[in-house]
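Chemist: The feature transmembrane segment is assigned by TrEMBL to 75-100, 112-131, 189-214, 221-241, 283-301, 322-343, 390-416, 463-482, 494-516, 523-547, 571-593, 698-717 (among others). As annotated by TrEMBL, region 'Disordered' applies to 614-643.
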Amino acid sequence: MEEVEVVEEMAVGAGVEEDMGGVGVGVGGSRLAWLDLMVIAGYVIVILAVGVWSSRRSQKGSLSGYFLASRNMSWIPVGGSLFASNIGSGHFIGLAGAGAASGVVAHGYEQAAIYGLLVLGWVFVPVYMSAGVYTMPEYLGMRFGGERIRVFLSAISLALYIFTKIAADLYAGALFIQLTLNSNSQEGLYLIAIALVVVAGIFTITGGLTTVVYTDLMQTVLMVAGSLVLAVMSINAVGGYNSLVERYQYATATKRAMGKDGQVCGEPPPDYMNLLRSGEHGYPWPSMTFGMAILQIWYWCTDQVIVQRTLASRSITHGKAGTVLAAYLKYLPLFIMVFPGMAARILFPDRVACADPEECRAICGSPSGCTNSAYIELVLNILPSGLRGLMLAVMMAALMSSLTSVFNSTSTIFTIDIWRLIRHRVLLVWRGVQWWCWGRWRRNRAATPRDEMKEATETEMVVVGRAAVLVLVVISVLWIPVIQNSGNAQLFDYMNTIVSTMCAPIMSTFVMAVSIPRVNEKGAFWGLMSGIGLGVIRFCTEFAYTIPPCGSDEPDPRPYLVKRLVGDVHYMYFSIIVFTITVTVAVCVSLTSERIPEHKLYRLTFWSRRDPRVRTPHHHTVSPRSDKKATDSDPSPTMTLEEPCNDEEVGCWQRVTRRVFGRKTMNTSTNIQPHLTLEEEARQAAEFLTEPPFWREVVNVNAVVCIALSTFVYGFYA
């Protein structure tokens, strides 16, 4: 076995690190001064005020009001919520860390998101709106018929949200707070994380999507303002942009290690200012071009958390404008996350750019490196009192916006796609429990006909959605110890690997559903299964072996075949392969099986999105409003509520629970629209996509400007 050679040399920037030295001990032994605590308290007060205000104005007693904000959101909150839902605390930690490790290439993910957002607004949202869906699994159920694709995708979505989105954001936020408080106390860390999760859950439960969107908008303003301040100060600390570009390549740790391939560990890549690179440093340009397209369409066009915001738009024009606003905001991560991460490597090379496994383990607990601490080092060491509290509030805002978005979207999927399938069995079990425990079943049998179990009321579905959020809060709290024990490098690798194995088959299924009418349920199902199967095989193979970090004397445990077929195939290349296989299987199976009749596809594909004819539902299609068979879809449905309840006839506790869980009272007006015929519903759904000519041109011009600016950025940093 080749011995590990430790290289000792002075690093450029070490003197800066000694001079800046860090902050002293503040209130209660933390790194926060009283001014920081006052800023954080101000953030909490403002965000609570926004939450209460938006909760009071929301129609949280109706299904559309709770899950889709009554489809009445303008483009500004839609765009702000899209950005805030995407930019979690994991982005600040992960993107700054990637910038510290590899340069600007990590911004390729954010730059490509601009194209994904525009595809969402101009291709997918018109189809989803004309179909009148609430969730992405519901759309596939309406498009293909049957239940297996819809249930399978619902289960995958719930698992991904719980074990990747919630896990990554909770870990990053908890890590930041722990270092800020200058404490290694596990009890304190858990209490803070629990408090954040509970507050996010309260916002989601009481206000629904309306509260989530408005708090997201508020937190977007805070995130952009605070991170811009830190970006300016960090770039000035290294001498400006030109100095950042020149000094980054020399920013290495004092103590480094030599890897088994003869290269010094922790060296910055020579093409650190390029977005498009060769395959030598982990970001080959073909994968960052073609593979990235798969990843971006999957995330921006088929993910429930993202799409649900656009479905809440009051019109198709506002939906498109919201995606354009979010696209403009996606230029910011290069300046507010990536460049500050590069500056952190220059200012604190021995901590951020550590390259010896034992040194890294002593600094941040991960032998793979400590670049994920880049943003935290900047906040704790270069910001004065007050601004440090502002950045802690920014991280809290990023975490809160991500958690509330995931909570709301997960509860929507569970209520619309899962609860309606298991409701009958759950009620039977509940009646059995009542009979066994209290003997109430026989007394209630006459008053509760069996037919009532076949149809869920709107109030019941809202209550189920809020109960689902409560369950998610409990799961998130129980997940905190697992996150803390996972380690940062392993956690983010875990998240990225999960995404890379699942995104290609899901994305290809949605693309075929929207664009290829000939693809049927059988073809889509077997194509999806083949792609998911390949992804599971790769995932299990990767996590069966732990690759030792650079500079370690441990041997690589992977067999030669695994190295060649898995380790040497970039996960973006793997996505391209899986996409090709999924589409091939789906098309071949569809061509050898029965075609879906055209009258069952009206307003379910891009080509028929404006068709005003009445759509015939598939045999197994079920409406999200009830367990009755669906007929046609209205892009802005208004449900019929239960009979209102008189607050004077019930006790105080019952009045509180009715307001929390959406039960209507006598003095609460209900917006009940006149009943429409099937022909009128179909015509209304098609006309919903009509846009005012002037604003249509304004939105289209801004989309072209976004594409032109993005192309310029790619060319400038190519």
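Please read every residue number as a count from 1 along the shown chain.
The backbone N, Cα and C atoms fix where each Cβ goes, glycine too.
A TrEMBL annotation is a machine prediction, not a hand-curated record.
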Chemist: Answer yes if the transmembrane segment (221-241) and the transmembrane segment (390-416) have at least three CB pairs under 8 Å among residue pairs 6 or more apart in sequence, and no otherwise.
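Modeler: Checked: the transmembrane segment (221-241) vs the transmembrane segment (390-416), in contact.
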Chemist: The transmembrane segment (523-547): which same-chain residues, six or more beyond its ends, come within Cβ distance under 8 Å?
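Modeler: The answer is 140, 144, 146, 148-149, 152-153, 156, 494, 497-498, 500-502, 504-506, 508-509, 512-513, 556-558, 562, 566-567, 574, 577-579, 581-591, 593.
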Chemist: Which residues of the same chain, at least 6 past either end of the transmembrane segment (283-301), have a Cβ under 8 Å from a Cβ in it?
Modeler: 102, 105, 108-109, 112-113, 115-117, 119-120, 123-124, 275-277, 307, 499-500, 503-504, 506-508, 510-511, 570-573, 575-576, 579
Chemist: Which bits of the chain, at least 6 residues beyond where the transmembrane segment (112-131) starts or stops, bring a Cβ under 8 A of a Cβ in it?
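Modeler: Tertiary neighbours of the transmembrane segment (112-131) are 82, 86, 139, 142-143, 288, 292-293, 295-297, 299-302, 306-307, 310-311, 313, 316, 319-320, 322-324, 326-327, 330-331, 510, 514, 603-606, 609-610, 633, 635, 685-686, 688-689, 703, 706-707, 710.
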Chemist: Among the recorded stretches 322-343, 390-416, 571-593, which has the greatest number of Cβ pairs closer than 8 Å to the transmembrane segment (189-214)?
Modeler: 390-416
